[in-house]
Amino acid sequence: MSKLVHLLGFVTLNVFLLPFLCKSFSPETPTDRRVLVLLDDLAIQSSHSLFFKSLQSRGFDLDFKLAYDPKISLQRYGQYLYDALILFSPTIEGFGGSIDQAAILDFVDSGHDLIIGADANASDLIREIATECGVDFDEDSNALVIDHTSYAVSDTEGDHTLIASDDFINSNVILGSKKIEAPVLFQGIGHTINPTSSLVLKVLSASPSAYSANPKSKLSSPPSLTGSAISLVSIVQARNNARVLISGSLSIFSNRFFRSGVQKAGSAIKHEKSGNEQFLTELSKWVFHERGHLKAVNVRHHKVGEADEPAVYRINDDLEYSIDIYEWSGTSWEPYVADDVQLQFYMMSPYVLKTLSTDQKGHYFTSFKVPDVYGVFQFKVEYNRLGYTSLSLSKQIPVRPFRHNEYERFIPAAYPYYGAAFSMMAGFFVFTAIYLYNK
Amino acid sequence: MARSTSKDAQALFQSLRSAYAATPTNLKIIDLYVVFAVLTAAIQIVYMAIVGSFPFNSFLSGVLSCIGTAVLAVCLRIQVNKDNKEFKDLPPERAFADFVLCNLVLHLVIMNFLG
Amino acid sequence: MAASETSNGTTLRHAFGNVFALFILLLIGVLAFSIRLFSVIKYESVIHEFDPYFNYRVTQFLTKKGIYDFWNWFDDRTWYPLGRVIGGTVFPGLTLTAGTIWWIVNSLNIPLSVETVCVFTAPIFSAFASWATYLLTKEVKGVGAGLTAAALLAMVPSYISRSVAGSYDNEAVAIFALIFTFYLYIKTLNTGSLFYATLNAIAYFYMVCSWGGYTFIINLIPMHVLLCIVTGRYSSRLYIAYAPLVVLGTLLAALVPVVGFNAVMTSEHFASFLVFIIIHVVALVYYIKGVLSPRMFKVAVTLVLSVGLVVCFAVIAVLVALVASSPTKGWSGRSLSLLDPTYASKYIPIIASVSEHQPPTWPSYFMDINVLAFLVPAGIIACFSPLSDASSFVILYIVTSVYFSGVMVRLMLVLAPAACIMSGIALSEAFEVFTRSIKFQLPGAPIDSQVDAGDKSSDNTTAQNDVAKTEKSEDTIKERPSRKNKKKEKEPVGQPSVKSRFEKRLLVLPLEASILAIFLLVLLGAFYVVHSVWAAAEAYSAPSIVLTSHSHDGLHVFDDFREAYAWLSHNTEVDDKVASWWDYGYQTTAMANRTVIVDNNTWNNTHIATVGTAMSSPEKAAWEIFNSLDVKYVLVVFGGLVGYPSDDINKFLWMVRIGGGVFPHIKEPDYLRDGQYRIDSQATPTMLNCLMYKLSYYRFVETDGKGFDRVRRTEIGKKYFKLNYFEEVFTTHHWMVRIYKLKPPKNRIRGKTKKSKSKTSSKTGKRSGTKKNPWH
């Protein structure tokens, strides 16, 4: 009897808890929910509270832990406990618990997001993680980004390591539709991105006069990182659409920078509030998939006039193809409207390339004639727009040639030959009649 | 020289015609049939030369049906000709039956290949 | 009274002889069938080699879906992504035959599976082929020669090698069709009946359906007709035999989709058309000659010649222009490589690389036709006395087939029936001479009289004596036909009997010599039988899908191929693509049921060259190529652990050559060190880095610590290496088949900084340097 009561209690508890468990990350709701924040100093929790509050106000559960806490872990029994990771621990040499570089990279490779904040004394571990993501920090561990023409005018910082930058990436998806008026205050190390990689983008670049060097010592040789090649804040979108934000400064997220005003050297405008808060809030929305996350569903193709999908097409058939694309708005799936989604009918090279027309409600469709070549084709949709998740769909379908009874039955040009053949047969009958009855 | 060759040619034609007139009637019927078949083939070739050989299988089947008919008729003529010593004990009915069978096969194949 | 008695006795003997001949034929059929069953007994009822698996798969499709779907079948599981139109590129004869047999058997409620029917089709048709040889040789020389030739063909090792139970390939039915077509041609030639001409055309149609070697028929018969015309043996029977065959045969050949319009457009058929025109001209000439007087005929000749020559030149000029305009002069690559044996190695490496297409060595003649090699010249001489249309045909057949067999090992198969016919004729003639010598020298045998009846009576008594002799001889089959041969000489063709009586007077050898000679000939036959049975049991019965080896601890069975294909079919998705060298394509589609990139049909050289280039390239480039073809798995065959010599490393140079033929950046000298092909430490870096080396020898050093390759007999050059773009998913028990999977593209692209030797693992829970004040 007591066992039954226990069982009942267990079941009701589970049923009660089920909705909470379901609020976690899933493909149906791609926005992350549970975020682990690793700090190397608990003071950061309060010194960067504005940034964290903006996240919490959007519904994220932040879990603050010290980076060297021996009890932290990303997963238990094969299940990930968190959906995203924020590393605000630039000096950490080794994480506690079961987290290490390989675990973090596996975390990203399994589709989860990451924000890395490095700073002036970033450890080798943080630099290595950043390199694995495609971003190379300056090898000189003492170097900071110095800019003598675009520094932020201030009373205290005199070595021009506090710079004001407004060289943003031109993308509404990443930075939001509202233009960021004020420059962003930055103080920290610079990095470069791999120019051959299509996965890494510079969100905030340094001005052409910036360089990366140790501010306390004299320059003995020309600096290796100069100009706009230096990236201050970069994003990486991996092939499985995990998003990583790498920033060379931790103080860019701090309350101090959020609240302070900014005046760029050489410019007369003095802004009351720096652009940091707007910049980083919008960027965090992008990183946590609240913007720019697409899904494609309902891939359908059929012959014109029919409703169900055939297993094989014939050459010179007319067919229709349709697909629905939605974008996640943070709370729900909205139809995605664009005019540049293209479909390829592909067999080692695209035989047909068509831009899909849309009904403005997320439904894309087109129709075309199957080419005169038989083989095994694929319907390929490859959609890689800046800032959006990449759509890569392919569906294989064979195309067969004509059957022997699908050709024209009687060809007009051949009537004389038909006539000749039949006349031969008639002549044969007549001949046998005459021959047999000839006396 | 030319006169002698032309006279020879005329004499040649005369002798040919007289020799031919001596052939029995049934052989003449067969010969007529052969001529009909060859003429039809020639017409088709001319047509193909004008129009082009687009449905090549129809052209082939048309021409080959004519040629085949001609060949089979010639075979029949050989077998039925009483001057032919090799076939003197072949009953003409048997020859004709073989001829019919062969023509049936020929026309069946032609029908298949025509379309 | 005596005459009627003897005539009764003759008819009785005729009837007895016919029944006996029938019984012998039945036994020959059973012999042909059973000698091919060694592989079923020693291994199992399984399909051998590579090509038969494709035929088996096609037959399965035919039995499942019916003939219309088979006729229109577009196969999307091979030659990905090009696909293959099976209906138009396969010779349907074999599959239709097996399908029909299966359908008949199943409608009689005998539940034989398709595989069983396929495995046993070849032995059944070899029995038919030996009966067809009997018929053909009977037309040439007589019943005795026919039975001998049939017995020889039932056992000839060359034919056994291609028609053993399980070897379900085109030649299994094609040889039967070949011999049967020739038989009907000779029969038409001998009788002049249009009925046989029709049957001849239909048999030719069956041959065209079955094998690409039908071009041999359509070139040999015109050659023979030309020979007859030139040697003055033109007769109206020749016309009846040839002209309907050309017309009907061309039509029927054009009906088969594989041949299609090639029946009238390629140079392989031009000989038949040319001779067709020639025979008509000759027939017309004979007709006019018969009709006119000689003087008029001369006039006609001069007139026709002058006009005709001009027309002829014009036509030939047009024809030559047409043919010369095509680069291969209208011949297909395979035919050209037959005419010019060096053609393939210069221009078409794929044809040159097949081991069956190499010229044979001298020992292979002895292996394949054994004793017949000695008897063939004797048979040729025997055919000349007397020379008839039929025997001139057989002489032409043997001469051309000897030439072609010297070009390509595979065509020894066409030589085999010709050799059997010749040897049968030779043997039966020899026996005839010897037994006649014995008959005339036996005590009590009356001297031959001039009268036919007298001959018959002497035959009667000597027949009884010969019966007494039978107990002595070991091979009864050889003895009886000689008696029947003598009986056949009394046929209505009067000429040979007169000659033979004269011959009987001339060709009489001493008694002891002929007894000894008969004994030796029988011994020769015994050697032939022993060799054939040995060849069938040991040499030609191996299904190359299962290998065995005998070692000190018993019999080892290597079933790695089927193991690998079963793994593929159970552990991969249905739509996954498997890339391997083209040898294994048919087996992979048939047994593993996966899509392949290239297979044994080798119709697209560029596709094969792409795969060859991928195998010869370094790992990254190979991954790119395979990824562009949507390949998921790569399969290589490796024999280094067990000593299996036909593995991919041994075939690798052909991959390089074929790939280099289309993609010039692959150069064969890059893979050779001083012109030698090596895989040990002296191998070139290109060789040690190419994909084939890596996939074959990955982790090979773990087997014995040294990486000793048993086939190449050296230690391998690069022993410890990692694969970055492929991962090993399966290796069979004896390492003979290795399957690798393509790794998906990396999720993140690394930055440019070099990886530092990891110090991160040692430090946990530590922080470096001074903390930065977060409030500043």
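Heads up, the Cβ atoms here are built off N, Cα and C, so glycines get one too.
The compositional bias 'Basic and acidic residues' feature in TrEMBL is assigned to C:468-492.
Taken from TrEMBL, the feature domain 'Oligosaccharyl transferase STT3 N-terminal' applies to C:19-422.
Positions annotated as domain 'STT3/PglB/AglB core' by TrEMBL: C:575-634.
Annotated transmembrane segment per TrEMBL: C:20-41 (among others), in sequence order.
What TrEMBL lists as transmembrane segment is C:85-105 (among others).
What TrEMBL lists as transmembrane segment is C:117-136 (among others).
Positions annotated as transmembrane segment by TrEMBL: C:142-160 (among others).
Taken from TrEMBL, the feature transmembrane segment applies to C:172-197 (among others).
Residues annotated as transmembrane segment in TrEMBL: C:203-227 (among others).
Per TrEMBL, the feature transmembrane segment maps to C:239-264 (among others). Counting only same-chain residues 6+ beyond the ends of the transmembrane segment (C:239-264), those with a CB under 8 A from a CB of the stretch are 71, 87-92, 185, 188-189, 192-194, 197-198, 200-202, 204-205, 208-209, 214, 218, 221-222, 225, 272-273, 275-276, 279-280, 283, 332.
Below 8 angstroms of C-beta separation, residues 218-219, 221-223, 225-226, 229, 234, 236, 238-239, 242-243, 246, 249-250, 264, 297, 300, 308, 319, 323, 330 of the same chain, each at least six residues beyond the ends of the transmembrane segment (C:270-288), sit close to that stretch. Marked as transmembrane segment by TrEMBL: C:270-288 (among others).
Annotated transmembrane segment per TrEMBL: C:300-324 (among others), in sequence order.
Residues annotated as transmembrane segment in TrEMBL: C:365-384 (among others).
According to TrEMBL, the transmembrane segment annotation covers C:391-409 (among others).
Remote same-chain residues near the transmembrane segment (C:506-530) are listed as 152, 155, 370-372, 427, 430-431, 433-438, 440-442, 473-475, 478 (criterion: CB distance under 8 Å, separation of at least six residues from the stretch ends). Taken from TrEMBL, the feature transmembrane segment applies to C:506-530 (among others).
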(request) For the domain 'STT3/PglB/AglB core' (C:575-634), give the DSSP counts of helix residues, strand residues and coil residues. (result) 33 helix, 8 strand, 19 coil
(message) Check for me, if you would, whether the transmembrane segment (C:365-384) reaches the transmembrane segment (C:142-160) - at least 3 Cβ pairs under 8 Å, residues 6 or more apart in sequence.
(response) yes
(request) Report yes or no: does the transmembrane segment (C:20-41) come within contact of the transmembrane segment (C:391-409), defined as 3 or more CB pairs under 8 Å with a sequence separation of 6 or more? (result) no
(request) Could you pull the average pLDDT for the domain 'Oligosaccharyl transferase STT3 N-terminal' (C:19-422)? (result) 87
